[in-house]
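Trainee: Annotated Fe cation binding site per Swiss-Prot: 213, 215, 263, in sequence order. As annotated by Swiss-Prot, 2-oxoglutarate binding site applies to 279, with the evidence given as similarity to another entry. What Swiss-Prot records for 86-288 is region 'Thymine dioxygenase', and it gives similarity to another entry as the kind of evidence. Here Swiss-Prot flags 415-583 as region 'DNA-binding JBP1 domain', drawing on similarity to another entry. The annotation site 'Involved in J base recognition, conferring specificity towards J-DNA' is assigned in Swiss-Prot to 548.
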């Protein structure tokens, strides 16, 4: 019976998987949204307009940010700090053994469900998300708080396969940020820590691109950890929105970051709109409410009950109230940093120490002296009047379906098919069916509450008929005893709903389905049990009062006299206790809803790494070279002269002949902005060097020695701290030349090389509307080639895209640390920070 009821109540939730419209409704500062199947009906223009307005209001609170909105993409092991030196994020590629993430993914995929609870972070569409471990369940209809999630309870044996990943992640956290690991480890209650780690909870997301948000409820003095377990995709970087930086992540990568900073995911980088992709990620954190007094008291209550029942399998004899710190659930303060290619490179863990100090010094100099930045890279960090930013109407919306405004305020949808479904299933709330699911005490409470309300409705209806014998519609008095009896019946029904579902929480579609069935049951009772006319009560009126109950009931309670408020609270407690005493009918997740055993840590088992021949978590963490103090601390001071080599493409004997440029909106966008016009009118930047000499020219700038040389020239066997390859690859042809160019010049850098190039891809390439993208692709190469030719006096130009350039970098034996985007650059310039791969 329980399976049958749960199946019925979930039928409408399954509609979210069907093709249809994305539905948005902002309410109480949170955007509630779900997918609605339209059954082929037409949406009028007014509804579309209202829906669009509702969506725009929604994304004001949780906006999406694209890759183009950020300046830096980190790829290698990175430690990113704010202006005060506090670590904001630590990216560690290939941090987790693949066997551990694979084992965990096989289990945690089962924890993922389509839920509307986080739809505000997904642009209004219900994403696939779930939780595992332990949770406090504050603000949910689940009456038993501070315990295992339903997933963990139901998958005890399988849960053990997650432990290696937990151990590896915890060890990495401890090695990188030991002070915060210790604070978090000391605070998390032992009864809710996952396998000895400082984590209490996992959030698992599948194919989930989040809008900008902070993780409310995480421990303030700790860090969250994000790991990608499996997937085939590009893009979806984790972005720190207030800092303009992104962390590129692929399976087995780990990111430790301050979850109280606003963060989001950038767009999926897919060549085709309907490309197949998948991504399963996991966030590890300590849910701070689990260490607060209400939860500690719940642990103690369960432990006391277990001792009274003389349980022999207790994992704890007492519960300690630990110092949980102050958890404000407020966003972290933002201390912005100015971004340059040098500060970008200084965040690379491989360049820590002396190299980072030099890079920080160079960063300070170019921020103070804009002309030095131009001397080094050929253009400033940002150009205000360069390539214009894309207008919103040029970009594909995050969710492409038409947005239809629906009003969900706690009741149910009154569409015909939904009402018919509710009427067909109303008998599931008949007494004989409920007795198969719940204990006698709870069913009696339901029966008494139902009977009491019907009696008051009958009395009120008879009075109304006496006053007006022709009356056909029931008039609902909000201040009557009948209204309060209805609220009482709703309290009972809400507990009934909890018992009918096996999920940890009831999503909006499931809740709508239940309340629709509840209303149909009551409407039928009004007709067949107390003799009201068909439609006298009606589904619409009951729906209005259900919305009143769900969103106005608390207000009405506050308006009641104190003694009535207390009576209502006692009544609700009585209902909850009756449910707790209900017998267990089967071994499904309904057991979890009523489970109040002291079963903390009963699933925990040791992992024998030696027997399995797996690398230990401690040895795995040592691979990344974190010192005992972790990644804290500032770099040392840069002393002595810093040497920089700038390599320029050699100009040809004449500038490229002016060719006929295309005329289109996209061509004008590239060629007619003021910065582009200046390039066309200015002298080529590489004309100053003597083309007859193959030797370098030296420029001194304080304690910075800058040598300049043409590609193909000689530096006399010198090595340099840093090499800047300025638009060299665009002057090469084929596959072999760019690789040879990269190998030659990167080999002269002690620390790293900046590969500066034109990027043929529009910064919004993957989300441009098709007609805009096609127009851009038709003109971009010829337009940027003309600008490049004017800047470097070249008659042969081979511009490339970022994916092509990344391929060259990899094949040349170099490692990519990061990518820096020059904002507004008329050449759409990017700088790749690369270093020679360690042998």
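For all residues, glycine too, the Cβ spot is worked out from N, Cα and C.
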Trainee: Report, as a single number, how many Cβ atoms besides its own are within 10 Å of the Cβ of the residue listed as '2-oxoglutarate binding site'.
Mentor: 22
Trainee: Please compute the mean pLDDT of the model over the region 'DNA-binding JBP1 domain' (415-583).
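Mentor: A mean pLDDT of 80 is what the predicted model shows over the region 'DNA-binding JBP1 domain' (415-583).
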Trainee: Which of 215, 548 (the recorded positions) has the most other Cβ atoms within 10 Å?
Mentor: 548
Trainee: Have a look at the binding-site residues (213, 263) and report the one with the fewest Cβ neighbours inside 10 Å.
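Mentor: Looking at the binding-site residues 213, 263, the Cβ with the fewest others within 10 Å is that of 213.
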Trainee: Tell me which of the binding-site residues 213, 263, 279 ends up closest to residue 548 (site 'Involved in J base recognition, conferring specificity towards J-DNA') in space, Cα to Cα.
Mentor: 213
Trainee: Measure from the CA atom of residue 279 (2-oxoglutarate binding site) to the CA atom of residue 213 (Fe cation binding site) and give the result in Å, rounded to a whole number.
Mentor: 20
Trainee: Please report the DSSP secondary structure of residue 548 (site 'Involved in J base recognition, conferring specificity towards J-DNA'), reduced to three states.
Mentor: helix
Trainee: When DSSP is mapped onto helix/strand/coil, what comes out for residue 213 (Fe cation binding site)?
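Mentor: In three-state terms, residue 213 (Fe cation binding site) counts as strand.
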Trainee: Between residue 215 (Fe cation binding site) and residue 279 (2-oxoglutarate binding site), how many Å separate their Cα atoms?
Mentor: 20
